[in-house]
Amino acid sequence: MNEEPHAHENLVAKAQRSGDADPEVASTASEKQRSSGASAIAVGTEFPGNPQASRPQSLGMYLLEPFILILLFAYNFSSTVLKNEVIYQSCTAGFGYPDSVCQLLGTKNITNETKRIEEQVQPYAAQVTLAMRLVECFIPAFCGLFAGSWADHYGRKPLLMCSFLGYGLQYLISAAIAYCAMYTQGLVSPWWYVLSIVPLSCLGSSVTYSVAAVCFIADVSGGKVRSYRMIAYELAIYVGLLLGSLGSGYAYEATDAYIVFSISAVCIFTALFLMALLLPESLPARNRTLSTPTTDTSVVSMLKSLWSTCSKPREHQNRFMLTTIMVVLLLTAFVSDGSNSVFYKFMRIKFHWTVKQFTEYETVGILVPAVAGSGGVLFIWSLRKCTNSAILWLALVSLLSHCSSSLMKGFALESWQIYVAIGLGVFKSLVNPMCRTMITNLLPADERGKIFALLGVLQALSPLISSTLYVAIYTRTLNTEPGIFNVFSAFLFGIGIILLGTVWHKKSRNLVYYEPVFK
């Protein structure tokens, strides 16, 4: 998972029986009653077969976001500590330096000798981190091909529980490795941490929880409420990351990596137990059995169904818009994956930050966009009063915020300028929920799972390229200008802005049809 849980949060599966009418078809009668002829893709319309339209909401339906918050708390509580342990054990076990010397890395006790060792160790540690990212990508990418269909057939809750179990096992194994390193003065190879990723990878990583979570939201919410619920989901991610980052540095200074990893494991297994007891299934059994017959769950039929859904022609400019918005989401995931693989190392080599200083920065960096994200509901409400493109506006503003923040990081010469970059990135949390909402509104309910499954696969595969590329850029510029990768990130966000501009242009050519989608 990335600090962007980013990343990870990307998939919506169908919540409608296959025997029911397609929403765009079922609403033909209401279309004829409108003088404008607007499509029934309108977000405020509910259709037969949608679970949220046919049964009352229970309080358990609102427990999803707290569980996601706990997962992201546990993840970020250990994230920076894990990176630091990889560097420390690369120094001791990888290069054979004494424990007393390696303990000084990443502290304020900087000498010419420790700076030389840091520059020698970092490329090696970057390779270990890259290997971990690659292992985390391969199997989840394969699982993602079928995640939408599995979620449609077996329900959302089993996928959520699988993902939580994977993360819990990762931190349990990491705690065991850190415990051994603690009692051998670091003489445990950092490559053992790659082993901790294997159970997480086999159980789907962030792909499965993203599938299940956003499918769950699509099942239990509809109309304009869906965009608000998407923001609440994104906010839960940011608050979880914030709390994890806030406590991580202090816990690490007071204890050690073994305790930090153990706390993360306990939090996730506790959430898993409560989820099994309290979280209801959002997709009724009757919908699951009728929407995806058992005979259609074979690998071949799933792949055929996925391909036919993703490649079929669509009315107006829907296929172009879907593809373009998906590319924007892929660009943001690409930058997040790549940047996060080297950013902590960049801050250590450029400004000599400690773990505590970095986690304090992370706390502020998460808090500011989280507050802006919580205000996203107010922004949407206000924009809907004065424009018919509120969702598209917010996505564009968010990408501009990303771009300016990356440029500031790239050209920063002092530590305080990194905090200025946080202010420039105040709206960066809004692009994902806004793009997901646009895609959801463009699709009928029985196609969301497959379209977003494809997106999830591509996002899961993106670290194969992004992490490799960013590590290569960072190691090549380590001794000259290590922050140049931030400028590359700004360039990619600029491409995203141009792509959303083309969506705006296409939308303006058919306002009657597309206003309900982007409002």
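Our numbering is plain: 1 for the first residue shown, then up by one each step along the chain.
Just so you know, glycine gets a Cβ as well, placed from its N, Cα and C.
Annotation source Swiss-Prot lists compositional bias 'Basic and acidic residues' at 1-11. Residues or ranges marked as region 'Disordered' in Swiss-Prot: 1-51. Annotation comment: Swiss-Prot describes 27-38 as compositional bias 'Polar residues'. What Swiss-Prot lists as transmembrane segment is 58-78, 128-148, 159-179, 197-217, 230-250, 259-279, 320-340, 363-383, 390-408, 451-471, 484-504.
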Can at least 3 Cβ pairs under 8 A be found between the transmembrane segment (320-340) and the transmembrane segment (451-471), with each pair 6 or more apart in sequence? yes
With pairs 6 or more apart in sequence, are the transmembrane segment (451-471) and the transmembrane segment (197-217) linked by at least 3 Cβ pairs under 8 Å? yes
The answer for the transmembrane segment (390-408), taking Cβ pairs under 8 Å and residues 6+ beyond its ends, is 227, 328, 332, 335, 339, 376, 379-380, 383-384, 417-418, 420-422, 424-431, 434-435, 437-438, 486-487, 489-490, 493-494, 496-497, 500-501, 503-504, 507, 517-519
Go through 58-78, 259-279, 484-504 and flag the stretch with the largest number of C-beta pairs under 8 Å relative to the transmembrane segment (230-250). 58-78
Do at least three C-beta pairs under 8 angstroms join the transmembrane segment (259-279) to the transmembrane segment (58-78), pairs 6 or more apart in sequence? yes
Taking residues 6+ outside the transmembrane segment (484-504), which of them lie with a CB under 8 Å of any CB in it? 321, 324-325, 327-328, 331-332, 334-335, 338-339, 342, 346, 389, 392, 395-396, 399-400, 402-404, 406-407, 409-411, 431, 470, 473-474, 477
